[in-house]
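Data first, discussion second: the structure below is written as structure tokens.
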Amino acid sequence: MSRLLVLVNCAVQLLFTSDMCVVTANRPPAPVNVSVMHLRADSATVSWEIPEGDVIIGFSISQQRQEGHTQRFIREVNTTSRTCVLWDLDQETDYIIQVQSIGLYGESQASKRVHFRTLKKSDRFPSNSSNQDDPAVEGVDKSRQLQTGEMIIIVVVLLMWAAVIALFCRQYDIIKDNDSSSGKDKVKPSSLASTPEHCSGGLLRSKVHR
């Protein structure tokens, strides 16, 4: 009986070890060339590269203050992006980040630790051509364009409604004037027809008196 238990235990360990080896072999490699760009007082952009030949479905970023122990994790799947914008950072603060790739069979090992420091709020980020490639700047520009387009559409619709209302009021005044003028025309023939009758009656009476 003891030999049977030993054999079962060995078989389970072999199966578990083989599964772990398969999963580890299918995991994607760690990201390389991790860098931080477009530093600001409250945000920064992280970029990295993935070795070719592996299927990557997402990424995971660990963010931590250099002098603190609290970590923040950013995880996105179903994306092929190789950049990520870190928001809500504190000014003049040192941070440490690591990036992991997410594959079909799990996550890769963490990349090398990268250190960066945010700027002051008074510091202005230099305006150059690299700003145009920043996803944060592109998102802000797109939102501004959408807001401007929506405002133009609203103004055009209001002007069209104002024109329709003005045209309706004008047509209503014209119809009202036509109704009043037609009523006056109907009253005039009756007054004119009554006058000759009185005159002729007066003439007849004068002849009778004579």
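Backbone N, Cα and C atoms are what each Cβ position is placed from, and that goes for glycine too.
Automated prediction, rather than curation, is the source of TrEMBL annotations.
Features reported for this protein in TrEMBL:
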{"type": "DOMAIN", "residues": "28-121", "note": "domain 'Fibronectin type-III'"}
{"type": "REGION", "residues": "122-141", "note": "region 'Disordered'"}
{"type": "TRANSMEM", "residues": "151-169", "note": "transmembrane segment"}
{"type": "REGION", "residues": "179-199", "note": "region 'Disordered'"}
{"type": "COMPBIAS", "residues": "179-188", "note": "compositional bias 'Basic and acidic residues'"}
By DSSP assignment, list the helix, strand and coil residue numbers for the domain 'Fibronectin type-III' (28-121), in that order.
0 helix, 49 strand, 45 coil
Note the mean pLDDT of the domain 'Fibronectin type-III' (28-121), expressed as a whole number.
93
